[in-house]
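Here is what TrEMBL says about this protein:
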- A:8-15, A:33-37, A:54-57, A:114-117: GTP binding site (BINDING)
- A:N19, A:G23: Mg(2+) 2 binding site (BINDING)
- A:T22: Mg(2+) 1 binding site (BINDING)
- A:1-163: domain 'FeoB-type G' (DOMAIN)
- A:215-233: transmembrane segment (TRANSMEM)
- A:278-298: transmembrane segment (TRANSMEM)
- A:318-340: transmembrane segment (TRANSMEM)
- A:352-379: transmembrane segment (TRANSMEM)
- A:385-405: transmembrane segment (TRANSMEM)
- A:440-463: transmembrane segment (TRANSMEM)
- A:533-553: transmembrane segment (TRANSMEM)
- A:562-582: transmembrane segment (TRANSMEM)
Amino acid sequence: MKRFALLGLPNTGKSTVFNRLTGMSQRVGNWPGLTVELTSARLLLGGKMVELVDLPGVNDLTGYSDDEAVVRDVLMSTAFDAAILVLNAAQLDRQLPLALQVLASGIPAVVVLNMADEARLLGITLDLDVLRQRLGVPVVLVSAKRMEGWPALMEALNRQAASAATASHAQLDRVPETQDAIMQARAKLAACWNLPAVLPEGMTEKVDAWLMHSWLGLPLFFACMAVLFNLTYQIGTPLQGLVGDGLDWFKTAALQQWLAPLPAIVQSLLLEGVWQGVSTVLTFAPILFVFFILMAMVEDSGYLARAAYLTDAFMAKLGLDGRGFVMQLMGFGCNVPAILGTRVMRERKQRLLTMLIIPFSLCSARLQVVVFFAGILFTPQQAPWVLLLLYLLSFVVAIFTAWVFKHRYRGNEAFLLEVPPYRLPGMRHMLIRAVAEVRAFLELASSFILMGVVLVWLVSHIPAGDNKTLADVLGTVMAPVLDPIGIKHELAVALLVGFVAKEILLGGLAVIYGVPEAGLGAALLHHLDWASAMSFLIFTLVYVPCLSTVAAIRRESKSRAFTALSVGWSVLLAWLISFAFYQGVHLLR
Amino acid sequence: MLSLDKFPPGCKGVVDSLDLSDEAFRRVAAFGLIPGSHFNLTRCAPFGGPLVLEVGSTRFLLRRSLASLIQVRVAE
């Protein structure tokens with residue numbers, strides 16, 4: 001089988017080209033020998049099977065960024081038959097240097113000049129034949145979005161795949177340095193690629209006059225985020241409900257009957273353990289799917305760069321960049337997609353710092369718990385203010401975390417981000433991407449969450465003598481930690497349940513007090529005093545949001561140590577804040 | 001000659017020199033900002049936020065802290 005690499009700068013429509021060529025057949029997987037995930041797909045070109053590997057977008061083959069290192073590692077460790085180089089035809093002045101670096105490395109290449117439509121609109125003139133001659137490789141002009149120039153591209157690719165040459169490793173020592181490559185590119189482009197002296201003013205400038213306005217920009221940004229946020233839940237939550245109902249129906253209509261012949265303890269393990277885990281993971285799928293579609297819209301339309309522009313002043317002080325703010329806000333809906341969404345940040349340290357603060361966003365599952373507690377502990381007049389205070393608490397904790405860790409995960413000051421012209425996102429492209437993302441998440445989370453749910457089941461069902469279970473023992477063992485923050489021993493297992501998912505926390509509490517969920521409020525008031533109930537609530541808000549978030553952090557950081565840090569830090573903070581609150585209340589009394 | 005963060009928005013300029021580390025220089029160069037290149041400073045975000053620059057047909061944002069290390073002059 002032949003192997004082709006897809007290379008290009010960020011924002012050149014490289015993944016659109018990839019999707020157009022491969023469709024739904026793509027898969028995300030670990031690259032052998034390296035700890036990176038790459039998307040690849042197989043397609044038939046020139047009568048041969050070709051594996052096309054989508055490499056991360058890079059500016060410079062000799063650069064220091066994480067993505068640049070990944071591309072170098074892959075090119076060095078793997079032999080490729082050809083590179084497909086995707087460049088933005090409207091920006092050849094800054095994009096051709098990368099092409100020259102790739103050509104110098106000795107890998108046969110096909111140069112694809114994408115965004116022909118935008119170049120035309122800008123009045124750019126291009127002599128394709130001269131450029132082809134000067135580069136000595138096939139050059140085609142396309143618009144991947146409109147499938148313009150596609151026959152020529154397919155012909156070039158077919159010819160490349162049919163060639164008898166054997167695959168070769170890139171010779172990176174032959175790659176020219178940045179400045180040399182820029183000078184060479186200038187010479188190659190002289191008199192064959194021309195930008196008009198004055199660029200025509202288009203839609204983008206008119207829209208930006210509003211969206212990037214000095215004082216209207218931010219309110220419009222928050223309005224956009226509010227719409228986005230609402231759409232995610234207006235569309236996602238009913239879908240989530242449907243999936244949940246479907247799964248429940250399956251459980252009562254089929255599963256329970258099938259399992260009926262089994263001993264009660266096995267039934268309980270399968271239903272309350274395994275099945276609970278499966279359904280927890282599956283109910284995430286609709287919301288993730290909707291989120292990825294909407295996020296792709298924000299990113300592909302070019303708005304994300306505007307959002308970064310507007311919020312960067314504030315985020316830079318926290319050691320973050322403007323894109324982190326968008327993710328932090330999305331976290332208020334659900335932390336899991338927000339963590340996965342940090343992928344738009346290509347710098348590892350920035351991503352890690354952002355991933356560290358997202359779990360403090362008060363997500364909709366925790367909101368349920370907060371609303372419930374606020375409802376029983378406070379009067380209807382007080383409750384909304386308590387809710388607001390808790391939202392503020394989550395912001396303060398996030399900012400504090402960023403402040404503590406900003407030196408450790410210091411981002412690069414040399415933060416540059418392209419502000420692309422506004423583009424209509426392609427529907428097909430978004431769908432393909434969302435499906436791939438959701439699938440990749442489910443594959444990982446299923447095993448992770450299943451383990452967690454089964455563990456909780458075991459703890460609360462394994463007998464430990466005296467009519468007690470491990471859960472009771474756990475409460476006693478944890479007493480030195482729980483007593484100073486006023487959390488009753490029987491709630492230790494509730495915290496464990498909340499660790500798996502906040503959605504099942506209230507149900508867990510009802511089981512602990514042996515009441516139906518409707519009677520939970522009264523039961524809690526009976527068993528807990530005001531201060532310890534609030535302390536429990538604060539702890540619930542600040543510590544680990546759920547196992548799915550932990551799974552997402554593990555997947556995205558690819559580091560156990562970082563995942564442990566994230567979990568440990570949030571538990572520690574939760575304990576400290578609850579401690580300060582509970583002891584403070586006692587001092588005041 | 002003045003540093004880019006002091007450059008008047010809406011004006012065109014030429015890069016004189018970049019006092020940057022090798023790594024930062026590569027990043028900036030990837031957006032076409034090298035000595036002698038022409039640019040257009042299109043806007044500046046409020047509260048000390050980033051600048052938006054246009055080099056050729058590429059528009060991008062960069063932080064003021066980085067801009068202060070880039071010496072430029074107004075284009076005639």
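Positions of Cβ are set from backbone N, Cα and C atoms, glycine also.
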Cβ pairs under 8 Å between the transmembrane segment (A:278-298) and the transmembrane segment (A:562-582), at least three: no
When counting Cβ pairs under 8 Å to the transmembrane segment (A:318-340), the leader among A:215-233, A:352-379, A:385-405, A:533-553, A:562-582: A:352-379
Residue with minimal Cβ packing [other Cβ atoms within 10 Å] among the binding-site residues A:G8, A:G23, A:P56: A:G23
Interface check, the transmembrane segment (A:562-582) with the transmembrane segment (A:440-463), three or more C-beta pairs under 8 A: no
Criterion met for the transmembrane segment (A:533-553) and the transmembrane segment (A:215-233) (at least three Cβ pairs under 8 Å): no
Length of the line joining the Cα atoms of A:N11 (GTP binding site) and A:N19 (Mg(2+) 2 binding site), in Å: 15
For the transmembrane segment (A:352-379), distant same-chain residues with Cβ under 8 A (at least six beyond the ends): 233, 237, 319-320, 324, 327-329, 331-335, 338-339, 342, 345, 386-387, 390-391, 394, 397-399, 401-402, 405-406, 409, 411, 498, 501-503, 505-506, 520-521, 524-525, 530, 533-534, 536-537, 540-542, 544-546, 549, 553, 556-557, 562, 565-566, 569-570
CB within-chain contacts under 8 A for A:K14 (GTP binding site), separation at least 6: A:L6, A:L7, A:G8, A:D54, A:G57, A:V86, A:N114
Residue from A:N19, A:T22, A:G23 whose C-alpha is spatially nearest that of A:M115 (GTP binding site), among the binding-site residues: A:N19
Model confidence over the domain 'FeoB-type G' (A:1-163) (mean pLDDT, whole number): 92
